[in-house]
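Let me begin by presenting the structure, written as structure tokens, before commenting on it.
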Amino acid sequence: MLSRLFRMHGLFVASHPWEVIVGTVTLTICMMSMNMFTGNDKICGWNYECPKFEEDVLSSDIIILTITRCIAILYIYFQFQNLRQLGSKYILGIAGLFTIFSSFVFSTVVIHFLDKELTGLNEALPFFLLLIDLSRASALAKFALSSNSQDEVRENIARGMAILGPTFTLDALVECLVIGVGTMSGVRQLEIMCCFGCMSVLATYFVFMTFFPACVSLVLELSRESREGRPIWQLSHFARVLEGEENKPNPVTQRVKIIMSLGLVLVHAHSRWIADPSPQNSTADNSKVSLGLDENVSKRIEPSVSLWQFYLSKMISMDIEQVITLTLALLLAVKYIFFEQAETESTLSLKNPITSPVVTQKKVTDDCCRREPTLVRNDQKFHTVEEEARINRERKVEVIKPLVAETDTSSRPTFVVGNSTLDSSLELEMQEPEIQIPSEPRPNEECLQILGNAEKGAKFLSDAEIIQLVNAKHIPAYKLETLMETHERGVSIRRQLLSKKLPEPSSLQYLPYRDYNYSLVMGACCENVIGYMPIPVGVAGPLCLDGKEFQVPMATTEGCLVASTNRGCRAIGLGGGASSRILADGMTPVVRFPRACDSAEVKAWLETPEGFAVIKEAFDSTSRFARLQKLQMSVAGRNLYIRFQSRSGDAMGMNMISKGTEKALSKLHEYFPEMQILAVSGNYCTDKKPAAVNWIEGRGKSVVCEAVIPAKVVREVLKTTTEAMVEVNINKNLVGSAMAGSIGGYNAHAANIVTAIYIACGQDAAQNVGSSNCITLMEASGPTNEDLYISCTMPSIEIGTVGGGTSLLPQQACLQMLGVQGACKDNPGENARQLARIVCGTVMAGELSLMAALAAGHLVRSHMIHNRSKINLQDLQGTCTKKAA
């Protein structure tokens, strides 16, 4: 029951991090300002002359206080040193944040809530540092860091709170009761220190239960789109640590603590309420205190400096003991930051058998491109625990290795994608001691029992046994990744299943699948995965657009495309750059339904301001970014087709606006109950199909881009003339496309550039059908009409920087090259609009270069040279009649 309450609390805190953090900070500020209204303005030494303010402090007290401070600093140093052994800098950062905020809360309580002076912190902070325990904070952080997604982060934080919360609560209660005994000693300094200790425990407990889990959840959520190759919380080697015994409370210890707590409660109750001193003694003591106060009355004085200068001077003036403490802290900090890195790395390398030389020495000569760590059997005698564990892991690999198909072990090139530590973390999960898997497949019943066992699972089954279960229909082939301990093993088994059904079993030999972060693919980008397709990525640029320079990534297998686009970018740059504007921004899915009461009546109602306002309110309520702009309707018999045009922020927007469309239809159904919805999409959008409606009305981002190329650049870079390019553009792009009955195809090869950028940047490649709509216009300009004016208008660029393939790390790298990765925080939607402008500008560069090649007669020659380099084409003549003068 108690664990369930803590679990609910942890889930709430992790699910609402902003609310909890803001509430905690607000409460802290309230405590800071509480005595501004209830307390007095007496500050000894500034506006009051207090006779008792300057007290003689015994040298023994100074020595004890200095030793206490040094011990506290050493204690914190060793705690952080232990955290570094885990090999994660994120735990260090989170633990440091926990320490800083706990100290801030505690200091606030001491200074303001109890109306204490800053001098009280000299005694308070050492005890706070001695009582803080980062092990619990790091344990909760490890729960969160073992997650693969944000939802799993919340669940793991809730699970960690359920496990650690009751234990931590009991520990805090026991510590407060034990330390609180000192407040009844009658020794004033001991009572003050014990009071500080109790407040330290309570402040730490408060932060651990509220601010810390919320902050962990928020930090990991903001770090989802990490630049380091994978999400920072994917530290899979923590998963096994979390299942260990250290997080499970010892029932014997818990009972002892409960009994101790009850005994201490009785002690406190007897001392504070039952054994109160007699009223006579209290009266006498009070009279003595009052007499003492009368003799030492504080006198108000005029401040000579401002309050902040007074506090600053007190903090700057340092005694010898403060110098000693600060020097020790600085020395340890320098040692920790600069001199322990190499030592820690060497220690971690010794603890990690995957990175040891014994592990990696075998495959060095086999294939330099293939990274497949294989453990080597060593017949020497070992005596350490680490080496014995390594031998057990080697035996396990030797048992599993013969089950791999022969084609998998053959030498072949394998591409490396993502962080190399991903393999290590995945292999760490599989390498557990004492896992013996027989070479012969076991019966299906036994395999099913092992698979359903929560403590064993698929890692205790061989690949042959998994294939046997799939063939027997016990495991669906599409669920292999979710049932295996690693996604990569699921992909490997599917490849083995598929290879047996192909005409050529070795067909998948050159399709790589290793070293890829499949956690970003599953449930988002692809199903039934058998590998990934490496495509060459070139760069064109710099593209000078709107006063900025962009290096444009292009993924293509067409020779000359990147080189041609790069030449166009150079010509635009020499001409002073290009300018672009967004003409419209919106996505337009469609719904289709038969006559609700009458199609014309519904159409007329939707065209009224009242009807549009009702639909817009329902539509806008489904998203922070989707905002309905207008409705466009068309009637065909009994059917009514509606185009919803809406802004979609930085996303491409189909899913976002489909959700808004469903909500709007539900609201429309309330006004017309007899309405019947046939399909959410009725092809009036139109999505991924050539259509005049997108060419005329626009879809996604509508962009126009223009540039002026000087005559000198046309002659020297493009190797042609303005007159020739204008004539070819009219006869090819305009007249030729019209003769072909083209819709939106009044360009030379816009689809080439659009598709190459889409593949490189994680866009939906099929969207190039509508996104490639473009009209290229050229005309002579300048004083002598020798300069070339070129413009490209693209009314339907469907593009986004969040969601879909943009979550994959290689595609994110290409988006980062352009500075548009993820959502724009300052102006939602700006990244997607900027990417659309870059696409249009790059298309214009490609159009410029290709039209120049056509005008100069270089197109066939360049393609034949680059794509068929063995053919001698020195005497090949151009094919165009118009050439450069």
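Just so it is clear, glycine is given a Cβ too, placed from its N, Cα and C backbone atoms.
Keep in mind the model is a prediction, meaning the values are calculated, not measured.
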Given ranges 160-187, 832-859, the stretch to which Swiss-Prot attaches the annotation transmembrane segment: 160-187
Site from ASN296, ASN419 that Swiss-Prot describes as N-linked glycosylation site, others unannotated there: ASN296
10-39, 670-699, 700-729 - the range that Swiss-Prot marks as transmembrane segment: 10-39
Transmembrane segment according to Swiss-Prot, located in which of 249-275, 600-626, 789-815: 249-275
SER3 vs VAL305, same side of the membrane according to Swiss-Prot: no
Residues in the motif 'INSIG-binding motif' (75-78) grouped by DSSP into helix, strand and remaining coil: 4 helix, 0 strand, 0 coil
Euclidean distance between Cα atoms of GLU558 (active site, charge relay system) and LYS688 (active site, charge relay system), Å: 22
Inter-residue C-alpha distance, GLU558 (active site, charge relay system) and ASP764 (active site, charge relay system) (nearest angstrom): 19
Proximal but sequence-remote residues of the same chain as ASP764 (active site, charge relay system) (Cβ under 8 Å, at least 6 apart): MET652, LYS688, TYR758, GLU798, GLY804, GLY805
Neighbour count (Cβ, 10 Å) for LYS688 (active site, charge relay system): 16
